[in-house]
């Protein structure tokens, strides 16, 4: 039988038969189109009422939660990720100018400002101070673009960083305020025009200053700062090392740039992502990124109910750091205590537990630089290898033991060692996480 549609007309067909055949074919097509429309409408309704996949992100401040979100969006929702490049360009420029202004501030208060030795001519430093002075206004303009209409805006020097011990301060926005919308649209028509004008102006100033920014970073004064013990291993160092490209008037952020951009969120940030690349295309995944500062942890419990999975990020590289809120507390110990509290929660007893031992790259750098893990973690034997693999295995075992002892019921724990700024590694981890969450959802709905 022929599969052609419509079928070829029979031989010797009369005009009457032809008219009847065409009418029947027209009716058959109408019915077929109606069925197709009904099926599509039913498909759309199912998508609307499909249960959302809800993920809770927990961990200390600066544990990598926001970067993990960006990786998920890059891998599963690429079109929306790239649509936000304009907003991230402003964040990247803000990261860059804040770090440059921080360096100038530190240079003005140390011997390095005079070339590294007291009494030496300080001509080079004064030249940078003068030629890069417009960056203070750039920082104010960019900070204003991220703020709400009535929020106060502080100047770069208001931060007054503690020399030698504290890195450059980060810009903070309040969760839920929709800072990306501020950059793209603003809250009003006047805000749209103001933001657009300010952003264009900051890009022109940065382009004019880019050669001096590069020269500052390569200057002997900056090398002397490191010798004096000033902490220059800041996340914005990457943008300063790439300043010639980043400050260019035609700069467009790459995915790697966006993954390294930082903007601290205070409070709870909700991310709704519509899957674009996976088998469940069109499904909505909702992420709740709750603030990791100690002052915000009391409000976490209200987000524990009705989530499909909890992803906890433990920054392995924090073993020799102190909490900014309490300088007497080791960050790694605090992270382990926090993990213990989360494991004990009865509200999360049915959620899938995923642990990410994050910042493997920074851990590796510290250990290779000769910093001993055993000097900060007393339970780690001094005869144990001071290697990334050995330390990661130790932390994996410790965290799994805490989960086993503290969980209100027996459940599986999925553990991954990660580097959130490595998109290749994160793609494999995210695929595994997605599969685990979907399988657990199917189990919970008795479909498996």
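Cβ atoms here come from the backbone N, Cα and C positions, even for glycine.
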Looking at 107-127, 128-148, 149-169, which one is region 'Disordered' according to TrEMBL? 149-169
Name the residue among the binding-site residues 65, 262 whose Cβ has the smallest number of other Cβ atoms within 10 Å. 262
How long is the line from the C-alpha of residue 361 (GTP binding site) to the C-alpha of residue 66 (Mg(2+) binding site), rounded to the nearest angstrom? 17
Return the residues near residue 66 (Mg(2+) binding site), defined as same-chain residues 6+ apart in sequence whose C-beta is under 8 angstroms from its C-beta, sorted by sequence, else 'none'. 262, 263, 265, 269, 289
